[in-house]
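To start, the structure under review is shown below, and the notes come after it.
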Amino acid sequence: MSEIVIVGSGIIGLYTALILCRCELATKITVVAKWLPGDNSIEYTSPIAGGNFSSISAADPAALEYDRLSFLYLDEIFKNYGREAGLARLKTTEFWRQKPPAAKIESLKSYVPDFEIIEDKEVLKSKDASFGVRYTTYNFYCPHFLKFLYNKLRDHGVTFLRRELSHITDAASAKTEVIFNCTGNGAATIGGVSDSKCMPIRGQIVLIRAPHINENFGLLSEDREPIYVIPRPFSGGQVVLGGYYQKGDSTPDTFGYQSAAIIDKTTRYFPQLLAKGPLDVIVEKAGLRPGREGGARIEKETINGKTVIHNYGAGGTGFQSGLGMALKAIELYLPSPRL
């Protein structure tokens, strides 16, 4: 039997395997990765993600389409699994200090439910914002969602192998038809790829317990760190407070001054956090988003005689854009994959 190999088991690799399974191929699917769902490492970013669908993506046509396609498929996952997947629909309010590109807003309002632009000038002023929107979005309990996908894929016959590779084609056998490169930050160093456009984008979050918070909040800016409040559904009241967006920084440590700044800014702009008293802090964590200059790479090439399809560089948008990325990557292998 021929084989498809996916290198990497972060959210992009798992989404790629999920779409391939829907294609009902008579082909073995194997995921090869150093880290697997359930692991905890600074090198394994996906479990640390804030985990909601937001307007943080870039405004280029490709990024907007990845988001749109992903949202449509998340509708199906939510309808069929919902709580089992750790996926919920919650309200979100998002502000910008500078007005975002019109293309982003037009795209977003074409598919998200309950979309409205915030016109109240006093509300905008109170958030130091020039523009804002509200809509209904998706929130992920990221560690649980990863394990859910992992278990569903194994039930479907996907094989997972824990293995560290020095070269992208080391994952291949004589029966391998195609390798999907979903290595995230690893694309910068793995042999055969060594993409100099890749860079880690460090973030830091404060995880609190606040069961009374059941909506998202975000304040984005072109020249300042993002501010966000993201509930984790079905997690016993966990809420992610952030954050930082430090390009090229791979520091795994957390810093007290950053946590203090996160708490100060989130409670100032979203005072609902303090409605039940002082914050109940669970843990502070750092994570390394898989950034890439120019955005995600979805591209096919031949390396050492093997067909390799690259699917990496999602930055901080893997959970919300990864299904669309996977579909576009698989289209380079199959003419009409099914989302």
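Yeah, the Cβs are placed from backbone N, Cα and C, and that goes for glycine too.
A C-beta separation below 8 Å, combined with a sequence spacing of at least six in one chain, links Thr45 (FAD binding site) to Gly10, Gly184, Asn185, Gly287, Leu288, Arg289, Pro290. The annotation FAD binding site is assigned in TrEMBL to Thr45, Ser46, Thr183.
Its Cβ taken as reference, Tyr228 (D-serine binding site) is surrounded by 26 other Cβ atoms within 10 Å in the chains shown. The D-serine binding site annotation in TrEMBL covers Tyr228.
Residues or ranges marked as D-dopa binding site in TrEMBL: Arg289, Gly316. In the shown protein chains, 24 other C-beta atoms lie within 10 A of the C-beta of Arg289 (D-dopa binding site). Mapped onto three states, the DSSP output places Arg289 (D-dopa binding site) in strand.
Taken from TrEMBL, the feature domain 'FAD dependent oxidoreductase' covers 4-328. Along the domain 'FAD dependent oxidoreductase' (4-328), the predicted structure has mean pLDDT 98.
Among the binding-site residues listed here, namely Ser46, Thr183, Gly316, Gly316 has its C-alpha nearest to that of Tyr228 (D-serine binding site). The Cβ neighbour count for Thr183 (FAD binding site), using a 10 Å radius and every protein chain shown, is 28. Counted within 10 Å of its Cβ, the other Cβ atoms near Ser46 (FAD binding site) come to 27, all protein chains included. Residue environment of Gly316 (D-dopa binding site) contains 23 other Cβ atoms, counted within 10 Å of its Cβ in all protein chains. Cα of Gly316 (D-dopa binding site) to Cα of Thr183 (FAD binding site): a span of 14 Å.
Each residue in Gly8, Gly10, Ile11, Ile12, Gly13, Trp35, Glu43, Tyr44, Gly184, Asn185, Gly186, Pro290, Gly318 lies on the same chain as Thr45, Ser46, Thr183 and has a C-beta within 8 Å of the C-beta centroid of that FAD site, without being one of the site residues.
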